[in-house]
Amino acid sequence: MGHLEAVTGPRDLRDLSDEQLDLLAAEIRDLLIRTVATNTGHLGPNLGVVELTLAIHRVFDSPRDRVVFDTGHQAYVHKLVTGRREQFGTLRREGGLSGYPSQAESDHDIVENSHASTALSYADGLAKAYAIRGEDRHVVAVIGDGALTGGMAWEALNNIAINPQSRLVIVVNDNGRSYTPTIGGLATALATLRTDPSYERVLEVVKRRLNAVPGVGSAAYDALHAVKKGLKDALAPQGLFEDLGLKYVGPVDGHDRVATEKALAQAKRFGGPVIVHAITRKGYGYDPAERHEADQFHAPGPFDVQTGAEKPKGRIWTDHFAEAIVEVGERRPDVVAITAAMMHPVGLDTFAARFPERTFDVGIAEQHAATSAAGLAMGGMHPVVAVYATFLNRAFDQVLMDCALHRCGVTFVLDRSGVTGDDGASHNGMWDMSVLQVVPGLRIAAPRDATRLRELLDEAVDVADAPTVVRFPKGPPPEDVPAVDRVGGCDVLVRSGTRDVLVVAHGAMGTTGVEVAERLTAQGIGVTVVDPRWVKPVDEALVGLAREHRLVVSIEDNGVVGGCGATLLQTLVAAGVETPVRIHGIPQEFLDHAKRAAILERIGLTAQSIAREVVEHVSTRGTDQVDDVTGEGPGRSLVDADRQR
Ligand SMILES: Cc1ncc(C[n+]2csc(CCOP(=O)(O)OP(=O)(O)O)c2C)c(N)n1
Ligand SMILES: CC(=O)[C@@H](O)[C@H](O)COP(=O)(O)O
Ligand SMILES: [Mg+2]
């Protein structure tokens, strides 16, 4: 039996010898590689924290001591040593283990949100609570160098530094990368701390000599390590964190479990807030990941374990954006691009290669991205801020009060909008077409296919006096859906039979709308399908179209509360149109992880489900009754029928 089988909980780790722990680490790496190769997930980050996680769980006593992972994408090892080895094969599978911590899975897990830079704030709160309650518990927060570029992390550090009673150990997991090398002054400061050769050399000599003395040596090394502050200050620039009044231990080799345990034990003894600076490597121990220059297998698709070769992926929405934004950049020298540490994932790497001086990676700092974009716009540029839809939530006030209030021509390109699936509740981009509805002047475009993406991006960057949004989902776009007509700003995709049902298909739901029409037409129900293209503000043509039909069916890949359907209904009511409106969208709840298609099926956001609901709606009112009301052929105004009730 392997050593991992013997680990039913973190305390079992304390019974293992150094040799057994080394073998355990190898077993864990092997399982991580084989599982992620098929299930997908975050391989690089987890390979980088194998020894670190073992050390944490040997020094601290989870769940009494709370271990908080920032972003949570690097918690697979934590899951394996906290009783979930047997289910690990279900990672990111529907009904299986989440790719992030999950309270439902284990009381060793606490933070489920995958949005970066939050861990230190949670930890600050937890540590304060334990101090007030007089509970003898430590909080360990594991935060990556990338997550440290997020403003929230510094808001937390600012507070942690003035709470000496907080028994808080902050483990900076410094692998020098987010996806790509971490940017900014912070990264430089961390690099200085981790790479000062003189400091390292002296420390190495001391370590070798002291540890050679059996028994006393390591304690003496620890003591010197504590004293090393003087040594380090003399040899290295004043510590970034110590300037804040935070105790600092490190840097320590995060792949040297023994050294890491010593550093953690020393930090634990401080009894107050302390930083342990661990130097790790993303993808450590798997050559294809370590050599993967783009992102060291941050989140690979399925791949071959032997070679590391990823299975070829088809073109996704992002690829079409990547091409379109370069064409925009070619003809618009005022257009600049901004990413929040996700250059390739959001499709800006080609633009960056072509226009390096007009591309800015601001780190995991969406709030700064938005307001910096407002500044760029005020300075005469047209910024395109490309982020995943869910992460723009963090910058709502910046979009509202920094961009829209000042009527800044900034374009936000929201990738991964709608249901994303695999990454669970905090990754679904189901909020933007609700949250942004309240922003005065801001316009939202939702392309139905790649051709419309290009068109709408071109239109968006031409808007100079208001923020614009172009949002599209994860994965491959559908085949182009041509328009048969244009009414106002809306593309008419289908017009068949009498004007029974008006389907308003928003964005990527265009294809679904057309399929709904096919099903309804087969039932003898007349259908018009329109794609508004710009979903905010509501196109006035929709008021007239709704008035002409007996039922309006709105479809959107967004939450139903405050979304496009709700806003359309509000607009129709205000215009005195009484045509009933059926709103189809994402239920306003946190959706557990599963494949996008499976979730859409489960929530009824499919052509079959929507068509069935419409037929039931029409049939419950019977066509004769409808005829009685209007005296015309089958499929006349449901509005009157509604008035009958
Ligand atoms: C607010 C927010 N923006 C962007 C992301 C996407 N994202 C996930 S992991 C990651 C990089 C994290 O880097 P780091 O904190 O150094 O952790 P590592 O992967 O290196 O262990 C990013 C940008 C996110 N999860 N949250
Ligand atoms: C943890 C995180 O936020 C990202 O790594 C995200 O998981 C990537 O999502 P995609 O796989 O959709 O690019
Ligand atoms: Mg990192």
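Cβ atoms are placed via backbone N, Cα and C, with glycine included.
Heads up, TrEMBL stuff is auto-annotated, nobody curated it.
TrEMBL lists SER114, HIS115, ALA116, GLY146, ALA147, ASN175, TYR286, GLU366 as thiamine diphosphate-binding residues, and of the candidates HIS42, HIS57, HIS73 the one it assigns to that same site is HIS73.
Every protein chain shown contributes to the tally, and the Cβ of GLY146 (thiamine diphosphate binding site) ends up with 29 other Cβ atoms within 10 Å. Among the listed binding-site residues, namely ASP145, GLU366, the Cβ with the most fellow Cβ atoms inside 10 Å is that of GLU366. DSSP assigns GLU366 (thiamine diphosphate binding site) to a helical segment in the three-state reduction. Non-local neighbourhood of HIS115 (thiamine diphosphate binding site): THR71, THR390, PHE391, ASN393, ARG394, SER426, each in the same chain, at least six residues away, with C-beta under 8 Å from its C-beta. In the vicinity of ligand 3, defined as a Cβ distance under 6 Å, the following of the binding-site residues HIS115, ASP145, GLY146, ASN175, GLU366 are placed: ASP145, GLY146, ASN175.
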